[in-house]
Amino acid sequence: MTIAPEHNPVFARLGWRDRLGQSAPYLLVPVLIAAGFAAIGAPSSWLTLTVSGLAMGMMIFIMASGLTLVFGLMDVINFGHGAFISLGAYMGVSVLFWLSGWTEAASLALNVGAIGLAILAAMLFAGAVSWAFERTIVRPVYGSHLKQILITVGALIVLEQLIHVIWGAEEIFLLRPESLRGAVTFFGAALEKYRILAVVIGLGIFIAMRLVLRHTKIGLIVRAGVQNGEMVEALGYRLRLVFVGVFIAGSALAGLGGVMWALYEQVITAGMGENMMILIFIVVIIGGLGSVEGAFIGALLVGLLQNYVAFLEPKLALVSNIALMTAILMWRPQGMMPVVKAK
Amino acid sequence: MLTRLISGDTPRSPVLAALLGAILVALMFAPFLFPGVRALDTAATICIFILLVASYDLLLGYTGIVSFAHTMFFGMGAYGVALASIHMGRSYEALITGTVLGAAAAALFALVIALFSLRVRAIFFAMITLAVASAMAVLVSQLFQITGGEDGLTYRIPRELTPAFRLGEIFDTRINGRILNYYLVFFSCLMLFLLLLRVVNSPFGRVLQAIRENEFRAQAIGYKVVLYRTTATCLSAAMAALAGSLYAIWLRYVGPDTTLSFEIMLDVLLMVVIGGMGTLYGAVLGSVIFVLAHNYLQNLMGAGAEMFQNIPILPDLINPDRWLLWLGVLFVLSVYFFPTGIVGRLRANR
């Protein structure tokens, strides 16, 4: 018999270094905004760029949030996510054209109402298609990443081509509703009205999502499922069902993001979702797969950096995102806030 | 001797062996069997795509990694030759320098991407390669002072490889530089294909397959999974770059549409899946079928669209521009129902 080695467990408070490490991702956004101010100099253009960067970041976040949760929950990687962005955009824009009486009236209430209806239609449509998508495309390939990637890429192409068949192959131009055109001046900085609306909607969705995830039972199940799915199933919850719900909700959000992006760019093409997927993947990777907060911070970083760099050195704008991703992965190979997955 | 040459990887199916033999003979004597500029062009494209698809299969089929940057590496080889030919003048040195530099750059790039992504999760690789490849495609079209942008680059290659160089006649076929060029492409592709066959049937290739089947177990036995995956990535990238160099030598033109576009990436994916993942012979069958279909099927679709003109929607669905739609459907169906592809089917029916 040997005596157990002597040990005196003590509770130590985290040192400042560890605490800084934990909160570092949250600090990155203010740091980047400050760095942008230092690099740009002129406060008015800095403010304009910051708002447009935040607007862009919010929209990317809306589109990326579903993808990261779907991955976290069921280990499913959906390259076809971009198709829901395009589908939502086309549906929303069709509704906007249909409601042209509302969008051309100079009344804010009617304009916002038209956008609201367009968003609703887009979300319902994207959600409905994603339900069928989940059943036919994704369900048979649970558990095999290789097949998931191949199948969903194929499905992305098919859906994009179907958009061509239904809505035609040409890009569609649209105008923003009357009262959202133009800009307001604020401390000498021109802030486009629509971008402010985009920031408001994006922030609202982030807060709503956080509330649902943190303070409701379903949110608890989703978060627990991301961390340890088997355990949640063992406790009697049907994670498959939750997953389908999250998949549909995530795709509906992608559709919403599509409508907002369409109004932002004022032109839509069937390939827009595919192009957005590149930014979305960058956001999801640097945020940490499965983490909603990480995706939010990542999206803001991408949006801000892209706008700052495009102002300072237009040619580098595209490479800036890749550089950001490289830097973050060097710092944290799993992304900023990876969800610890019990395997 | 023959078995040694194909590294003991016999077709294991009489039908497959016959098909492969027929393809080899057809490609080897293509200039004499199928006269005409277009036929020769198709044959050269098939050769190059066989190499490209085989190098992709090393990654997808043997190692189980999905990459979307394969056309980027292909493009690096092509642009390497183009830029070297422009800056060093019309010479063989330029072709060799461009090829070597292109392959080296591709391998280096692959190494960096692999170190960033494979270290953590193989699934990162798919996403990161997609992002990097699309960034590169945009960069190439923006830096038009160097790369010619969307218009691409045309350049001159040594005279012996161009149609202007006449050599005489054999079997009523005029031997010109174009045919010499074809044989350069053909034999290079054949040698590199045999080299790839050697690689996948070596102990190294076996380890790759082990990693594909069960990463955890391979790691437990003591193989450094990351090292093997990274090596496979670099090797495959370098091979793709070599295929790109050959394509550049054959076409005497490079541009984003012929080398970098996402559409080519999809074509390559489809060829691997249709032919059969995890066997290089699948790459041969997939490329041949696909290139032939691409060249001749679109005409058929056009005819079909005219035939059904009066029925709603249907003409839109079989419009030649909707070629990608059917490609996508075919792709999804083949991943579901023929995950082993044509070669897998033929071998199973033995």
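All positions are counted from 1 along the displayed chain.
Yeah, the Cβs are placed from backbone N, Cα and C, and that goes for glycine too.
Unlike curated records, TrEMBL annotations are generated automatically.
Since the structure is predicted, the reported quantities are computational estimates derived from the model, not experimental observations.
Taken from TrEMBL, the feature transmembrane segment applies to A:23-40 (among others).
Tertiary proximity for the transmembrane segment (A:46-71) is limited to same-chain residues at least six positions away from its ends with a CB under 8 Å from its CB atoms, namely 33, 36-37, 40, 77-78, 81, 85, 186-187, 189-192, 194-196, 198-199, 201-203, 205-206, 209, 222, 226, 243, 246-247, 249-254, 256-258, 260-261, 264, 276, 279-280, 283-284, 287, 289-292, 294-296, 298-308, 311. Summarising the annotation, TrEMBL assigns transmembrane segment to A:46-71 (among others).
What TrEMBL lists as transmembrane segment is A:83-102 (among others).
Sequence-distant contacts of the transmembrane segment (A:108-133) (same chain, six or more residues past either end, CB-CB distance under 8 Å): 80, 84, 87-89, 91-96, 99, 102, 155, 159, 177-180, 244, 247-256, 258-260, 263. Marked as transmembrane segment by TrEMBL: A:108-133 (among others).
Annotation comment: TrEMBL describes A:145-167 (among others) as transmembrane segment.
According to TrEMBL, the transmembrane segment annotation covers A:194-213 (among others).
Long-range Cβ contacts of the transmembrane segment (A:241-264) within its own chain (Cβ-Cβ under 8 Å, at least 6 residues beyond either end) map to 55-56, 59-60, 62-63, 65-67, 69-70, 73-74, 76, 78, 81-82, 84-93, 115, 118-119, 122-127, 129-131, 133-134, 138, 174, 176, 180, 194-195, 198, 201, 205, 218, 221-222, 225, 272-273, 276. Look at TrEMBL and you will find A:241-264 (among others) tagged as transmembrane segment.
Sequence-distant contacts of the transmembrane segment (A:276-304) (same chain, at least 6 residues past either end, Cβ-Cβ under 8 Å): 25-26, 28-29, 32-33, 36, 49-50, 53-61, 63-65, 67-69, 71-73, 79, 81-82, 85, 206, 209-210, 213, 226, 257, 261, 321-322, 324-325, 328-329, 332, 334-339, 341. Residues or ranges marked as transmembrane segment by TrEMBL: A:276-304 (among others).
Taken from TrEMBL, the feature transmembrane segment applies to A:316-333 (among others).
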Okay, the transmembrane segment (A:83-102) and the transmembrane segment (A:145-167): do they have at least three CB pairs under 8 Å, pairs separated by 6 or more?
yes
Under 8 Å between C-beta atoms and at least six residues away from its ends: which parts of the chain pack against the transmembrane segment (A:23-40)?
46, 49-50, 293-294, 297, 300-301, 304-305, 308, 311-312, 336-337
Same chain, outside the transmembrane segment (A:83-102) by at least 6, Cβ under 8 Å from its Cβ: which residues?
63, 110-111, 113-115, 117-119, 121-123, 125-126, 129-130, 155-156, 159-160, 163, 166-167, 172, 174, 177, 251-252, 254-259, 261-262, 268-274, 276-277
